[in-house]
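K.L.:
Before anything else, here's the structure in question.
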Amino acid sequence: MEVGVVGLLRTAWIAATLPIFIAALPFSWLSSFRGAVWGFAKRGKTMQTSSQKFTVPQKFFCHFYLVAVAWTTVLLVATLMYAYKAVPLVSDSLLHPSLSNPFTGGSHIFSWHKSLSIPISYKYSVWRSSLRRLFETIYVFNYSSSARMHIFGYLTGLFFYTAAPLSLCCNNILDIYKFSINGVAEFIVKGKSSMREVEFDWLQLVNSLLKLGWLQWIGAAIFVWGWIHQRQCHAILGSLRENSEQNDEYVIPHGDWFEIVSSPHYLAEIVIYAGLLVASGGTDLTIWLLFGFVVTNLALAAAETHRWYLRKFESYPKKRRAIIPFIY
């Protein structure tokens, strides 16, 4: 069944990425297909206000981050409980993959680097990032009441923020699920008084984090770098929306990575997921496919945004690229 979960996720990422990749191919006979895919990706200023069919308000973006925060919280808590209760961090099972897990009948190999796609600290980073995005969507972006997004884009967002957190722990999700179900069943049958207490040894936790490999630390640095720039770019966009509400007019954004690309917040998102990829060691195909979808999806949206800027402003900076500095 574990192979089934991993295979299903990989198939889903390939199925989601393939249409975008095909639409990007420079063949004239794909123009109709390309137009359909680009139509699904349009939202906000890139979508014509007269086109209301099969659309939802762009402020529904907050639904993505509500789902992400709730789902990532569940996965984070379940993984923490599994790691501390079923296979404590202080045991040698984190360093020796031959030690089996008694809670799964000895059939699963639990290893810090192999069984967990991303260390728990990085799952926490994803949760915190989703929480920040939820706050920004509600209080910073100030979406116009007329801003819309295609329903297909909305459904794609819900899919992404459900499948992405799951992909980061898919290699051990079956054991976490079994452990969680057994814990709930034990609580129902025996009650709270008979449940074993979870004792956290924070010193051992810190020591375990200090033993992380150089790839994990480099990945963390890349993640934080992208996180900081995305926050700054979102603040710039939020301030522009406040001004546009007063002036009823779009302006060219400036500052931070806006000086080199039209969609720096998308570039920062790619950097964030690149950090997760590096932290995972780069050996998990599922995370590679997740990263591929992030790059292709954001590149498509950034290209449409860049074309809109060029049409809207005659004085738009010529040196700016869509999403990849100096290249695309």
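Every residue, even glycine, has its Cβ placed from backbone N, Cα and C.
Small disclaimer: the values here were computed from a predicted structure and weren't measured.
Pulled the feature table from TrEMBL, pasting it below:
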- 216-328: domain '3-oxo-5-alpha-steroid 4-dehydrogenase C-terminal' (DOMAIN)
- 12-41: transmembrane segment (TRANSMEM)
- 62-84: transmembrane segment (TRANSMEM)
- 151-174: transmembrane segment (TRANSMEM)
- 209-228: transmembrane segment (TRANSMEM)
- 285-303: transmembrane segment (TRANSMEM)
K.L.:
Going by DSSP assignments with H, G and I as helix and E and B as strand, what are the residue counts for the domain '3-oxo-5-alpha-steroid 4-dehydrogenase C-terminal' (216-328)?
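P.N.:
DSSP classes over the domain '3-oxo-5-alpha-steroid 4-dehydrogenase C-terminal' (216-328) add up to 80 helix, 2 strand, 31 coil.
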K.L.:
Averaged over the domain '3-oxo-5-alpha-steroid 4-dehydrogenase C-terminal' (216-328), what pLDDT does the predicted model reach?
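P.N.:
On average, pLDDT over the domain '3-oxo-5-alpha-steroid 4-dehydrogenase C-terminal' (216-328) sits at 89.
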